Amino acid sequence: MLRPKAGKCLLCSFRAAQKPVSQKWPSRALSMRTRLPSRPNRMSLAGAGKVSSSPTKEGPARRKQDGPFGGMNLREAKIRGVPERPSAAQERRTSRLDHRDRDDKKDRGFHALKMQSPLAPVSYVRRTDIKGRMNEVQSFEQFALLDSVKQAIFQQALPELKEHVPTPVQRIAVPALLGDQQSRRPKSEMEQYLIAAETGSGKTLSYLIPTINAIKVAEAKDAEVKAYEKELQEEKLRQNNLTLVSPPLSNMPHPTTGRPRAIILVPTSELVTQVGTLLKLFSHTVKFKAAVISSNFSGKVIRNRLFSPSGIDILVSTPHLLSSIADSDPNILSRVTHLIIDEADSLLDRGFSPLTSAIIDRATPSLEKLVLCSATIPRSLDSFLRKRFPDINRLVTPNLHAIPRRVQLGVVDVERDPYRNNKNLACADTIWSIGKAAAEHDGPVKGLMDVKRILVFVNEREKTQEVADYLVSKGVDAIALSRDTPEQRQSEMLASFTSPAKLSVEKPVSHPGSLSDNQPNYVPFGEVAPPVKRRLPNTKVLVTTDLGSRGIDTVAVRHVILYDVPHSTIDFIHRLGRTGRMGRRGRGIVLVGKGDRRDVVKEVREGMFEGKALI
């Protein structure tokens, strides 16, 4: 039996025994309170105990009236009648809802092309503004040109046209280069222009017309030229007289001998010949001296053309040749007032940029106008111009970077039957299909059929000869053009593809490719029929690389075959730009095989159909 200790009553002993048990509960409750997460402050209402229990009054709440100091310490002006700007979170929620409601196809746009994006964009707002300015010009008569220049345009440059209407790029570039538009910079500074327009739109004429006009205007004001012409005329009068006159003691050369007024730089010798041919047409009516020099000519011919006693007004050359001449004779750039760089996207890239920039620097002291011309504005060219020429005046057309809708693009899947990844077979079959379809229709003369000129583009120059040999083995008239081809031979090859004259051959009695003309309808017993080689007489094929895709005016080409898928949209634009030139229709065919970017081809085709500018 338990007994309480002495000195303590039973009640005190019971309280002492219960005291430690009662102390366990607060510590346990404290530990549980620390384990549970605390309730955030945003979950509890401020002043919840002070909420009135009275029912709310019906009707809108009264607007809070600010006191006399309510406009102090505000970050935004609370102006009545101006809607509040939504927060960033509200804009994100709204944009997400809009994207859900849109159609997926409309929202996607170019996905595969965005991975490359080699072209500098031009806003559609600017394109629309350019369209409005273009409509103001409808004829060459509206340009402030000399009468002789206008006559040369109608009779020499564009004789085959019934209506002489300037193209979009000519409506924009010619007035600007003539000085019709007011320039913000002083006349003493060099004027800088960039002409950018789609392929086959007449860019060459857009810079030749103002340049020739400016040269003739400056020639009329040149005192040295006037004095030379006066002395020359007096010499002719003395020679016509019957009296004997002693010969002149010195034979004074022309003031422009070896010092041209305008220089046109192009990347290849083929373009040198092409631009020179157009200048020669102008020179029949507008009297000026033009010379073309390239590696196709010997040193003696180049020297005679540059330092001709009759002088030189316009020089067409390549950067390599002109740079080497300027090193030995710097005076060749001393009187240059107009410097035109055609195919600027090529001449200002890594390969040509040092030479081209050096020529620009040497000609800058006397230079009045610097004109860059290109069918595309790559990002590399755009960044170069922003650094070197930040104030350049960009003259672009609304359809820049867009392949014309008059050019149709077809796709041949080489992986399927009957080709089975044989691109050579697919290329030959495509050419045979074009030739057979053309042979079914007579040409302008009965019994004759037109010859179809076809360009085949490959990515590697080693492939050109291989594809050409295969096509020849299949009865197709094909030749290869690459850097390995001699330059004289290159000009001969391109002559038949750049000439606008139609070619025709005699139409065979049987269908092209049939065996009835070459094989008897019977074979003697025990003998084997001789092998028969089919031949397609109404086609001419040129297999080339990007050498033939820049600037060559292939007006006679209606079909372009892309043997390899181009590396970028820039190559797409230049290769497909060899057809459908100057408003004509054309057709491009892409051979898509294993490993090719089908998504890129698909988006380019959709962009062509919708008339969009590629990126």
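Every residue, even glycine, has its Cβ placed from backbone N, Cα and C.
Around the Cβ of Thr199 (ATP binding site), 23 further Cβ atoms fall within 10 Å across all displayed protein chains. Residues or ranges marked as ATP binding site by Swiss-Prot: Ala197, Glu198, Thr199, Gly200, Ser201, Gly202, Lys203, Thr204.
Per Swiss-Prot, compositional bias 'Basic and acidic residues' is recorded for 90-108.
The domain 'Helicase ATP-binding' annotation in Swiss-Prot covers 184-395.
Per-residue confidence over the domain 'Helicase C-terminal' (444-615) averages 84 (mean pLDDT, predicted model). The annotation domain 'Helicase C-terminal' is assigned in Swiss-Prot to 444-615 on the grounds of sequence analysis.
Residues or ranges marked as region 'Disordered' by Swiss-Prot: 21-108.
If you look up Swiss-Prot, you'll see 138-171 marked as motif 'Q motif'.
The annotation motif 'DEAD box' is assigned in Swiss-Prot to 342-345.
Residues or ranges marked as transit peptide by Swiss-Prot: 1-37.
Sorting the motif 'Q motif' (138-171) by DSSP state (H, G, I as helix; E, B as strand; all else coil) yields 18 helix, 0 strand, 16 coil. Counting same-chain residues at least six beyond the ends of the motif 'DEAD box' (342-345), those with a Cβ under 8 angstroms from any Cβ of the stretch are 194, 203-204, 207, 264-267, 271, 275, 372-378, 381, 550-551, 570.
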